[in-house]
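Colleague: Relevant sequence annotations retrieved from TrEMBL are reproduced here:
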- 143-389: domain 'GOST seven transmembrane' (DOMAIN)
- 147-167: transmembrane segment (TRANSMEM)
- 173-196: transmembrane segment (TRANSMEM)
- 281-305: transmembrane segment (TRANSMEM)
- 326-347: transmembrane segment (TRANSMEM)
- 359-383: transmembrane segment (TRANSMEM)
- 403-445: region 'Disordered' (REGION)
- 434-445: compositional bias 'Acidic residues' (COMPBIAS)
């Protein structure tokens, strides 16, 4: 506790004599979440009360006007209650700077409670500092520091593999592969910034505003570009169509809107704060982000369906196989996302006191793992190679189809199939039949 000071109202101070001691009591109560039922009591099976009432004083033997404290079964010193008194008719009182050693791992709560109704309207200032054995990071956030180290290593490995192919086949690189390179670079930069943000927070106890702002901004850019990349691929950009045409402005507008929604949510949740923001405020900020994500998913799968249909009609087997694999990966990612959101809602709804705090970091980590896995799939499907250009947009798709069809017709086909080809060509000279021409054509076929 550092520089904790309480101010009561002038009316409450005037009711007291300047010669009295202990004219107002405020209690600091520290308890583990598992021992929450050791604070307060209930008279005759009625509503639970934190403060000792006249009825509870008779039943529980507590002192009226103070917090009811039942010693823990594992440690009689806990829950811990510290008393702070106002003296005489003083307007303010200060709490002694103190350190409370916590010897048992758990989720702990601190409340400042005034049972005296005359102290209604009391205000306070100061701060409490919480520190774990390995630093200032809260227990539910501490594992993320190590997690981002592993994510950095994963992105470095992906970068090394991708850039080696990128440099090797530089002349055959598609514009789409340039975009993938940008997403990989932003992802690596984001993981590095997250690690430094958590590392600085752990060593100083303060969340650096500048670094945190940078990391959420880079993260918002990375998430926006990733979604626009998937949307553009689903529309067949660079593969089925050379440009997005009239959809370019709509895609850019959606990207800008998503960036602003994501940036606002992340800044409010992370920058300059270590506590979860209130439910209503977070809900207000999450809704636009969730709506835009849902709209993007709908647009992506609608565009992907049209692209698959075009490729199927044109019978471009190589590109069709590529897009089928891509659509399967997207479907798995969406199913995993919906399943995880359901689990996250269940996790938080069934843990109102944060007693499962040791595994809470997984909720945040999952989304980074999922986005990285999807990025790996995209890198695998569109890896730079000598045959990269075969996936590029071709103006004469018909010729490509004709070449593929001709190869399939002349590779290991039966005589009946060859005769069909011959007959088709002879139809151009209907009514003309020359044995010599036929024999020559048979040789050519």
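Cβ coordinates are placed from backbone N, Cα and C, and glycine is handled just like the others.
Remember, TrEMBL labels are computer predictions, not curated facts.
Since we're looking at a predicted model, the values are computed, not measured.
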Colleague: At a C-beta cut-off of under 8 Å, are there same-chain residues at least 6 beyond the transmembrane segment (147-167) that contact it? List them, or none.
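Modeller: Sequence-remote neighbours of the transmembrane segment (147-167) are 173, 177, 180-181, 184-185, 187-188, 191-192, 194-195, 198, 361, 365, 368, 372, 375-376, 379, 383-385.
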Colleague: With a Cβ cut-off under 8 Å, give me the same-chain residues at least six positions beyond the ends of the transmembrane segment (281-305) that come close to it.
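Modeller: For the transmembrane segment (281-305), the sequence-distant neighbours (Cβ-Cβ under 8 Å, at least 6 residues beyond its ends) are 227, 230-231, 234-236, 254, 257-258, 261-262, 264-265, 268-269, 323, 326-327, 330, 334.
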Colleague: So which residues does the transmembrane segment (173-196) touch in its own chain, when a touch means Cβ under 8 Å and the partner is 6 or more beyond its ends?
Modeller: 144-145, 148-149, 151-152, 155-156, 158-159, 162-163, 166, 211, 214-215, 218-219, 221-222, 225-226, 229, 232-233, 237-239, 368, 371-372, 375, 378-379, 382, 384, 388-389, 391-392
